[in-house]
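S.K.: First the structure, which I've put down as structure tokens, then a few questions once you've had a look.
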């Protein structure tokens, strides 16, 4: 039962050791004038560095990079390209360090950053609330089964020697006991993590973006994001084109520059073939949590329906 798993697993939220880390050097470059990391084009030498008013807080392998690249096309948004990991790994460095990582902005522009591991970090909601209780939060969610496989695929590309997905997913394969302490599975128990955020932030300050619709209808999802941030709808259909090779939309560059911007080679990797029985068991495991998540957010992401269509 979902309640049992929540109780059993409500201890430390482990950090995934395989998750890529951003170095201090990258962060200092990100905040420096003219760096690609600072904004959608170049960071101006004028303006001032401000703490972010909006954060993309999750989830890993949900589509956060695609969302960040798309929102950075908006002239009223300035965002750090690298992940600062302030509220989970660098908090002891203080808010001035964090502010310094941010790009310079003009009056009326929004400062943003994205670090997907915040969503599963127990201390993050309190820390962000302490910085500014009106901070707007964006969570990109995706079918947790697909997300787990994508997460595993990323780790496998860096560490080919790791056990198979099937081995890592179970505490006991014969009994069908899913190992909910494995971060690839744990991240997808969205209802559990959201409970933690709702202790500090009202639902009205959290936008849930569908990772699936970000692929099938990027302009539609971006309209919601821009409305949520109080921005004029500038990022529209004309900013995207579908890349058949990669299987997802790419962002067109402004008229004055050359090639369109597609996400790097680390995105859109081919997933390893997973035993259908394992996928079936994972779907059963996630279903009550998904239902709980739909009830908590007031949104039905239709992950079960999507699976029955396959």
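Every residue, even glycine, has its Cβ placed from backbone N, Cα and C.
Automated prediction, rather than curation, is the source of TrEMBL annotations.
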S.K.: Given 1-49, 50-98, which one carries TrEMBL's region 'Disordered' label?
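M.R.: It is 1-49 that TrEMBL describes as region 'Disordered'.
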S.K.: Least buried of the binding-site residues 150, 270, going by other Cβ atoms within 10 Å?
M.R.: 270
S.K.: Test of understanding: give the count of other CB atoms lying within 10 angstroms of the CB of residue 63 (3'-phosphoadenylyl sulfate binding site).
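M.R.: For residue 63 (3'-phosphoadenylyl sulfate binding site), the count of other Cβ atoms within 10 Å is 28.
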S.K.: How many Å lie between the Cα of residue 250 (disulfide bond) and the Cα of residue 61 (3'-phosphoadenylyl sulfate binding site)?
M.R.: 17
